[in-house]
Protein chains: 2
Amino acid sequence: MDKRMATLDKMVILENGGVGTAKGFTSGGRHIGLRYKRPDLGWIVSEVPASAAGVYTTNQFKAAPLKVTQKVIQQSHQLQAVLVNSVNANSCTGEQGIANAIQTQQWAAKKLGVPDDLVAVASTGVIGVQLPMDVMEKGIEGIDSACDEATFEQAILTTDTKEKHLAVQIVIDGQPVTIGGACKGSGMIHPNMATMLGFVTTDAAIEAADLQGALKTVTDNTFNRITVDGDTSTNDMVLVLANGAAGNQPLSAAHPEWQTFLGALEYVCRSLAKMIAADGEGATKLIEVQVSGAQDHVAAEKISKAIVGSSLVKTAIFGSDANWGRIVCAIGYSGASFNPDQVSLKLGDMLLFENGMPIAFDEDEAKQYLEQDSIVIKASVGSGDGFAVAWGCDLTYNYVKINASYRS
Amino acid sequence: MDKRMATLDKMVILENGGVGTAKGFTSGGRHIGLRYKRPDLGWIVSEVPASAAGVYTTNQFKAAPLKVTQKVIQQSHQLQAVLVNSVNANSCTGEQGIANAIQTQQWAAKKLGVPDDLVAVASTGVIGVQLPMDVMEKGIEGIDSACDEATFEQAILTTDTKEKHLAVQIVIDGQPVTIGGACKGSGMIHPNMATMLGFVTTDAAIEAADLQGALKTVTDNTFNRITVDGDTSTNDMVLVLANGAAGNQPLSAAHPEWQTFLGALEYVCRSLAKMIAADGEGATKLIEVQVSGAQDHVAAEKISKAIVGSSLVKTAIFGSDANWGRIVCAIGYSGASFNPDQVSLKLGDMLLFENGMPIAFDEDEAKQYLEQDSIVIKASVGSGDGFAVAWGCDLTYNYVKINASYRS
């Protein structure tokens, strides 16, 4: 990770960038009436067919649009458009759900002027309700990229409180290459393969197989390292489209600037993932957990996820209570092996626990630190090389409020 | 399980029974000043040395008293007394913590007139603070079983809102045999080996090795099937003492009434476990999840625990919202393999989902059902023989409130 990041000295973050920023891509959103007022349909279009890669939920109940999109990418390895609706997940909807997903794919292809088999569809919202096809048909028909009433980034949100997007620019073969992305996700978020909807577009030239490899690599360190509530959704998916408009030599592991591309892609995915964690349902604070000294990266990952997933750690941080015993406890049940006598803990830069024993610390200073909106917990668990970072959020009254009344 | 339960036709539940009910046991509690007002020290004594068995937390940070007690049972296979303090967990307290646990063991042995090496010690409360030894010494010195000011069952509680105890009587070899128990546990509860403090006493005659086997068997179906928040504590332990005062022939797998004993022990442990789940921190409802038709019991157990552990299922039940999509979602990420098209779901006796598809149901009736204080979710996931039951509770504002301000 560090090596890749080091290649990014010259990476530029583009102001207000998103999924429509890379050359040859446009995107938009509109309100079609799936819900009362807010935008609920989004689309992305590439001028030319783009190399495509995807990662999908590991949940055994896979939503209809996810199955349809997975098939498109497996067969054509390309995409030219993406259609996303919020409000309704089209999940647990049987054969009718699949037929509906394919129908919306066809309507979108026709309207956007691209082949059927190059359109991905994605849905997010309530499980177990069929899509209202009259609303979808009219809504897709009304797409007019010349006068978008909303952004793609707005249209894909459900319980999210913020739009989540960014774009960066690097230079490859002397050409500026842009990578932009957008995502949604606030509840039902847990690190287990693409835990939300994420869309990344780039004008880089790269073959689909290399793009798939790059996406898989960065997903493990980014989207798969966030948790809000431990629930893995039926609709989770991250798609990347690369349309080659930047004019660089095709990227692959053999390309001298491959690490630069991977680093920038990882930066985009990590930034999007952290935006999801920070905007977790009801969250008031982003929690970053850094684990070092573990036997190996797998052990470090287990420990980081146990800490960031602990309801007791999450509530303590909500209450600005430096209750380090709960962090230690989570390390202990993480399933990773380590020597308890070599465990040390920091909150930010404040040492709370060293070599298995409590350290006297200034409670007021700790409380002040915990009242910030971004908290870093550092756990050193031995002298190994294993290192991992995971992100999550606090558990608050509002998480309960949102989820005790989501459907009704 | 059913076979064992069937042997219990003649089992009698003793009114207001507890850990001091079986012949030859006494128990009590008092307030010694570890906290402001409520009882905080409890003890159990047997007239004669009792066969002893224990199961312990799998957390790698094990509290000092747990280590001391585990050693006692490994070495002597007997116990004659148990000393428990609440408020302070004596966990993550290093060598000093071990020395303190041994010191309290010795004080208790002297006061109660039993050998040092037959005293178990247990602690529950805040992690990382040394026991106030002056308070402990005076408190133990003041034990007077002739005039208990409180019960053992009261003294061991922390954030619990209710005492948890019962006793049953069966007949073995024509002799009445009593099994009584008490436990505590409300937060940091997760099914992973003895997830709380539990104490069971019986006047049955049984060798320690057979008792250990019996305890292990029933723990897997009872205490290891409850969850409140997914956190496994450093102090979890269940102890069973059997002093032989009932005068039956020693029990073992070869004894004709072995299943009767196992069934009664399982009944006691299951009842205690359910009391913990129902009194989970902030809980308003007990949730029982029954899974049938799985490939095997392990798969059924995974699914039952995934459902009962899901924050989204727990908040939906708090809100009396029949949001079955979240139950289906939890089945999907449980890690057990099954055929999504064979999954059916009931809330009580109301069918919500059949063979992978939603069923129209009466929302008002479902809401009415969910407003009760005990909810049963039944998931049938195929045609296998795998069956499991797990218990948990809803996730409420009060869980967050209690845990955002526990330490301070």
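Cβ coordinates come from backbone N, Cα and C, glycine included.
Now, the feature entries from TrEMBL:
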type: ACT_SITE; residues: B:THR195; note: active site, nucleophile
type: BINDING; residues: B:THR158, B:LYS184, B:THR195, B:GLU281, B:ASN403, B:SER408; note: substrate binding site
Check each of the binding-site residues B:THR158, B:LYS184, B:GLU281, B:ASN403 and report back the ones whose Cβ is under 8 Å from some Cβ of chain A.
B:ASN403
Surrounding CB atoms that lie within 10 Å of the CB of B:THR158 (substrate binding site), all protein chains:
21
Specify the count of other C-beta atoms within 10 Å of the C-beta of B:GLU281 (substrate binding site).
28
Have a look around B:ASN403 (substrate binding site) and count the other CB atoms within 10 A of its CB, chains all included.
28
Counting across all protein chains shown, how many other Cβ atoms sit within 10 Å of the Cβ of B:LYS184 (substrate binding site)?
28
In the three-state scheme derived from DSSP, which category covers B:THR158 (substrate binding site)?
coil
Helix, strand or coil: which one is B:GLU281 (substrate binding site) in, per DSSP?
coil
